[in-house]
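Chemist: Mind looking over this structure? Questions follow.
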Amino acid sequence: MGLDLSADPIALTAALVDIPSVSRDERRIADEIEAALRAQAPHFEVIRNGDAVLARTNLGRPSRVMLAGHIDTVPIADNLPSRIVDGEMYGCGTSDMKAGDAVFLHLAATITEPTHDITLVMYDCEEIESSANGLGRIERELRDWLTADVAILGEPSGGYIEAGCQGTIRVVISAKGTRAHSARSWLGDNAIHKLAPVLDRLASYQARSVDIDGCVYREGLSAVRIDGGIAGNVIPDAASVTVNFRFAPDRDVDQAVAHVHEVFDGLDVTLELTDAAAGALPGLTQPAAAALVAAAGGQVRAKYGWTDVARFAALGIPAVNYGPGDPNLAHRVDERVQVAAITAAADMLRTYLTT
């Protein structure tokens, strides 16, 4: 028996969770979603791209809303099939993000006269390396499908609209020294010791908080790794500390890199950028986004982590995270979602899409 998109979204969540779909193994769930949309949502144009399923209405509405969700999960940890205990549904992917997927699919099938045109994007391979992300493939191959006035990504957000996202860079800060026997340490130059001023500056760093569209983004500059040392009797001639800067979306990557260089200016070290991803502005002043905030009763907060909303922002589409799951429960063995939150998310989005 296939998916029943008109069923209660709680039941639909369970049905999706019970289809294993670890990254790179999404064909079965994509087949089920495609078949259900073709049979139960005749007002949508439906296409397939790899193991992603895309659907859209063409009703000539003045605005378009994109509902996007990944259909893959992290590896299963003996946490299938789904089960409901004390008002919570347990199972791999419940929170991240099959509950959100179920809400989107249910609304697509049951709203035949939306006030906005709707584009639905159910994509693969979000939980693994960025180069495999199905959304990136869709952008390359089906760019015209990624057009909207606002995009809603169903990532777990605790029922809040989490607007935009912070950017992230990683920088390796390296120090050079001179190797020597530790019994004659004065003959060497200890590279690890040269990192002490780096750690001092990190410890005393005052992170910036920025209010954008009523969302407060709090930056952070943190050491996340230290490498160094040769042997217990050798003064090391090389050492490094990896620093992660999470920056508010009013900075671009170049500005973030420049800021990190400023923080460590004057020290006897070198800096190498090893990873970078731009953030996304919330864009809540756009009419379609403002209406979404109103429908949510103003329950809005900043998104601190990086998500695929940044991909939409790079395309000029205001984007938010909104899903019934709890981000603190994603990827856990006891991953779960409150069933009442699924109903609440479906009700809120139905109001937004029909009024």
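Cβ atoms here come from the backbone N, Cα and C positions, even for glycine.
Among the features that Swiss-Prot reports, Zn(2+) 1 binding site is placed at HIS70, ASP96, GLU155, with the record citing similarity to another entry. Among the features that Swiss-Prot reports, active site is placed at ASP72. For ASP96, GLU127, HIS331, the entry in Swiss-Prot reads Zn(2+) 2 binding site, with the evidence type similarity to another entry. What Swiss-Prot lists as active site, proton acceptor is GLU126.
Locate each feature and note its surroundings.
Modeler: The Cβ of HIS70 (Zn(2+) 1 binding site) lies under 8 Å from the Cβ of MET97, MET122, TYR123, ASP124, CYS125, GLU126, GLU127, GLY134, LEU135, ASP308, each of which sits 6+ residues away along the same chain. Under the three-state DSSP scheme, HIS70 (Zn(2+) 1 binding site) falls in the strand class.
Applying an 8 A CB threshold to same-chain residues 6+ apart, the list for ASP72 (active site) reads SER21, VAL22, SER23, ARG24, ASP25, GLU26, ASP124, CYS125, GLU126, GLU127, ILE128.
Counting every protein chain shown, 21 other Cβ atoms lie within 10 Å of the Cβ of GLU127 (Zn(2+) 2 binding site).
Counted within 10 Å of its Cβ, the other Cβ atoms near GLU126 (active site, proton acceptor) come to 24, all protein chains included.
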Chemist: From the Cα of HIS331 (Zn(2+) 2 binding site) across to the Cα of ASP96 (Zn(2+) 1 binding site), what is the distance in angstrom?
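Modeler: Roughly 7 Å, rounded to the nearest whole number.
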Chemist: Inside 10 Å of the Cβ of ASP96 (Zn(2+) 1 binding site), count up the other Cβ atoms and send me the figure.
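Modeler: I get 27 for this one.
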Chemist: Identify, among the binding-site residues GLU155, HIS331, the residue whose Cβ has the fewest other Cβ atoms within 10 Å in this structure.
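Modeler: If we count Cβ atoms within 10 Å for the binding-site residues GLU155, HIS331, the smallest count is at HIS331.
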Chemist: Take the mean position of the Cβ atoms of HIS70, ASP96, GLU155, the recorded Zn(2+) 1 site. Which other residues of that chain put their Cβ within 8 Å of it?
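Modeler: Output for this site, in sequence order: GLY69, MET97, GLY100, GLU126, GLU127, LEU153, GLY154, PRO156, THR307, GLY323, GLY325, ALA330.
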